[in-house]
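One structure is given below, encoded as structure tokens.
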Amino acid sequence: MDLLQSYTDQNDDDGSPKQLTSSPEASPPRLLPSKTSAPKVDDTMLALTVANAYRTLSKPIDPTQHLVAFNPTYDQLWAPILGPSHPYAKDGIAQGMRNHKLGFVEDASIEPFVFDEQYNTFHKYGYAADPSASAGNNFIGDMEALQKNDAISVYNIPQHEQKKRKIEKKKEMSESEDVEMELNPAEVDNPASDVWLMKNRKSPWSGKKEGLQTELTEEQKKYAEEYAKKKGEEKGGEKGEVTADKSTFHGKEERDYQGRSWIAPPKDAKATNDHCYIPKRLVHTWSGHTKGVSAIRFFPKHGHLILSAGMDTKVKIWDVFNSGKCMRTYMGHSQAVRDISFCNDGSKFLTAGYDKKIKYWDTETGQVISTFSTGKIPYVVKLNPDDDKQNILLAGMSDKKIVQWDMNTGQITQEYDQHLGAVNTITFVDNNRRFVTSSDDKSLRVWEYGIPVVIKYISEPHMHSMPSISVHPNTNWLAAQSLDNQILIYSTRERFQLNKKKRFAGHIVAGYACQVNFSPDGRFVMSGDGEGKCWFWDWKTCKVFRTLKCHEGVCIGCEWHPLEQSKVATCGWDGLIKYW
């Protein structure tokens with residue numbers, strides 16, 4: 001009760017706590033036994049652990065033990081197992097700790113250079129830095145050599161030492177030379193002997209390279225000259241003989257008494273009537289090319305001149321209406337000319353040659369305005385037919401690309417690269433918004449002008465390569481010369497469908513890129529063939545109307561005159577151009 005009393009009196013009236021004091025009259029306080037809610041712990045194990053502490057710390061853990069009754073240190077856990085009594089591994093390392101077939105290998109972060117230095121020093125001098133020592137001063141190995149060499153490594157030999165070595169080496173060399181004088185010459189020449197090895201100190205093949213710089217024999221010189229000559233001929237005009245662009249005028253005068261240019265069309269030239277007739281007889285022959293003629297083109301709209309591309313590297317322009325003579329020769333290619341193309345007004349034209357060049361000529365003066373090349377052979381050249389895009393040149397190349405140049409800047413502005421073979425033709429359709437290309441990959445591809453993505457891809461298993469395509473005068477149809485001896489007709493509308501009802505056959509063109517063409521009124525289809533004939537078919541009935549024997553050899557090109565309805569020009573590999 002006294003104890004309770006002392007608690008009640010603990011606070012004063014002012015609320016401050018009072019010191020607990022026991023009065024001398026109060027009975028001594030009775031202490032009650034303490035109660036705890038924690039379970040009773042057997043601390044025998046702890047006592048044993050403490051008692052065996054000195055043994056535990058020194059002894060590693062036994063791997064066969066299933067229970068560890070204390071917290072082992074890192075050193076205890078990783079201490080090597082001693083003695084041969086280990087049950088799992090013959091070298092005393094448990095299987096789980098192995099990372100190498102010979103045991104456990106620790107990764108050491110050491111620079112390769114530092115390792116090589118110590119490794120090579122050890123092998124050379126017999127001492128190296130001790131890797132396990134934390135401070136870098138401890139060494140292992142031959143201590144005498146260490147003292148003698150002043151602890152240098154192989155990589156830090158002092159300057160004077162290096163000089164000394166060089167001198168020693170020279171001495172050795174001179175000694176060995178002196179020894180050679182006394183040696184058996186048979187042994188010196190025998191690569192199997194030690195003497196030879198000592199003398200050469202190289203592999204038996206090491207001297208072979210030096211022998212390359214010797215003088216050529218007469219035979220080799222002769223061969224080299226012949227080879228260089230042959231190479232030069234093959235390359236043609238690529239390096240050696242760069243052909244100068246020149247042109248020769250063959251007419252009487254370049255301007256007439258009224259000051260009109262020789263290329264000006266006659267005033268009275270206009271279509272006599274709209275109806276076309278098939279020609280029957282030969283009117284004129286132009287001969288001037290020394291080799292075959294690969295293409296002919298009439299002057300646009302008027303046809304008073306005809307341009308021809310020859311395999312003799314020359315391009316010639318001929319008069320049609322008056323004298324019938326050659327008016328001008330354009331010489332600028334070093335190899336055969338493959339294709340020609342007039343611009344819309346005929347004042348300029350393009351030529352593509354096998355010398356990998358495309359040239360843009362002025363028809364009247366014969367000047368080369370510009371030259372283009374990608375290093376590949378152009379097979380077809382075309383100007384954009386739009387009057388406002390006459391500076392855009394498209395060329396189908398032998399490396400499967402169609403390259404587009406802006407001739408004002410000379411820059412390549414676009415590359416259409418989808419074909420799998422050399423490009424043979426480029427034909428503009430749909431108001432020149434699109435163009436169709438054919439290739440050696442036996443497919444037709446339709447492109448949106450300026451966008452290098454194919455909008456229509458035509459390839460059938462039965463299709464052959466189509467080396468010539470032309471558009472019907474009503475622009476709704478394309479005629480494609482197929483190398484399986486027929487002419488196929490495709491629509492130029494959205495779907496570019498093959499017209500199965502119209503196919504023109506009978507001629508033999510397999511293997512030749514014979515040109516196909518239409519009469520200006522669209523009533524007749526015509527084509528050359530491989531036997532020198534020119535074939536005419538009726539557009540409506542698809543029947544053969546007439547064949548003319550035009551050339552010896554191949555009749556490669558044929559063009560219908562744009563104004564004179566019954567006149568046709570053909571060219572062949574016999575070097576002649578004939579007017580029918």
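Think of each number as a place in line: the chain as shown, counted from 1.
For all residues, glycine too, the Cβ spot is worked out from N, Cα and C.
Note: TrEMBL annotation is automatic and uncurated.
On a predicted model such as this, the values are computed, not experimentally measured, just so you know.
Annotated region 'Disordered' per TrEMBL: 1-38, 163-183, 229-257, in sequence order. Annotation source TrEMBL lists repeat 'WD' at 286-320, 330-371, 416-448.
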Within the repeat 'WD' (330-371), residues counted as helix, strand or coil by DSSP: 0 helix, 23 strand, 19 coil
Within the repeat 'WD' (416-448), residues counted as helix, strand or coil by DSSP: 0 helix, 19 strand, 14 coil
Cβ-Cβ under 8 Å with the repeat 'WD' (330-371): same-chain residues at least 6 beyond its ends: 236-238, 241-249, 254, 261-263, 291, 294-295, 297, 299-302, 305, 307-317, 377-383, 385, 387, 390, 393, 395, 407, 410
For the repeat 'WD' (416-448), sequence-distant contacts whose Cβ falls under 8 Å of one of its Cβ atoms, 6 or more beyond its ends: 377, 379-380, 382, 384-386, 389, 394, 396-404, 454-459, 463-471, 475, 478, 480, 490, 492, 496, 513
